[in-house]
Amino acid sequence: MAITKDVENGVGMQDAQGNEARQPLLIHQEESSGDSQGSIWMVLLSTAVVVCGSFEFGSCVGYSAPTQSGITKDIGLSLSELLICGGHSVAFIIGTLVTWRTLVLVGFLPCLLLLLGLVFVPESPRWLAKVGSQKEFTAALQKLRGKDADITQEAEEIQEYIEDLQTLPKAGIQDLFQSRYIRSVIVGVGLMVFQQIGGINGVGFYASEIFVSAGFSSGKLGTILMGSIQVPITTVGAILMDRSGRIPLLMVSASGTFIGCFITGTSFFLKAQGIYMEWVPILALCGILVYVGAFSIGMGAVPWVIMSEVFPINIKGIGGSLVTLVNWFGSWAVSYAFNFLMSWSSAGKGSATALCTALLVLKII
């Protein structure tokens, strides 16, 4: 028999059936002219923050890539995705405890630390070697590795890399579509497309609303659990990256996201039909946790690793830029469309996402 009370606080859920199941996650309200003007400024400021954040993220990725070689040689880990998921988890957990305005101020602190830390960050050794600043190149590399580290071999490898790069023809965006490069482009772009249309950013941005729509009085419990599982699972994925191989890990991850989407879609289908209502919140929570956990172990990091490995060195920069552009565009498209898809059909959205992840598994096979 279908339950009629909220799973957390015992609040009646009679209205959850019928039209409520098809209401949009974000409810638009009438605004006065003053509120409208304030909303415009909020949109402009938010857009500026996103643009600056994207530029900062890209710059940090480009700078940190050559500095990680010493770390990965010693402990066999790729730290970037682990730290990103760690930041997401902290933001999820803090966001359940404070208001969004306080969360914005909390997010300002790491940005301030980064700005101050840039004063002490040396220039990229590879860039210095590329422009011929030999003395500065050696000093920067020594500072990054430590004053007691032997950088002789690494310095020689970087110099050889730069010399080999200079002997190769310079590539433009049009060169990516030549027959000898097109396979690498298809692999890199294809993985990023499937990563994004799997819906991870939509789930992350609307997690709280999804849990409320499924029957929880608030999204705090689900959001905290979702943030808590990301770090340990991403750590396992980083450890297994080189031991199990990229493709097996990617297949396991994609299969897990398919299962998570299917479970979540099933929960909203049951809600729309008004049957087995006691299972709706449980299935939704389990589905989201399975989805996020499966994504964190492979789909989050593996496409970036493969992207860095499939392009020849002379087109690595332009190829990586194209793949990153596709990734961010996919992130925007999914985030923008997610609310409309949930308004149209919550179960249909979960089924469509599950279909996309199933197609990725078939593509890999």
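Sequential numbering from 1, following the chain as shown.
Glycine residues also receive a Cβ, built from the backbone N, Cα and C atoms like all the rest.
According to TrEMBL, the features are:
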type     : residues : note
DOMAIN   : 1-365    : domain 'Major facilitator superfamily (MFS) profile'
TRANSMEM : 40-63    : transmembrane segment
TRANSMEM : 75-94    : transmembrane segment
TRANSMEM : 100-121  : transmembrane segment
TRANSMEM : 185-207  : transmembrane segment
TRANSMEM : 219-240  : transmembrane segment
TRANSMEM : 247-270  : transmembrane segment
TRANSMEM : 282-306  : transmembrane segment
TRANSMEM : 318-338  : transmembrane segment
TRANSMEM : 344-362  : transmembrane segment
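Tallying C-beta pairs under 8 angstroms between the transmembrane segment (219-240) and each of 247-270, 282-306, 318-338 places 282-306 first. Looking just at the domain 'Major facilitator superfamily (MFS) profile' (1-365), the mean pLDDT is 75.
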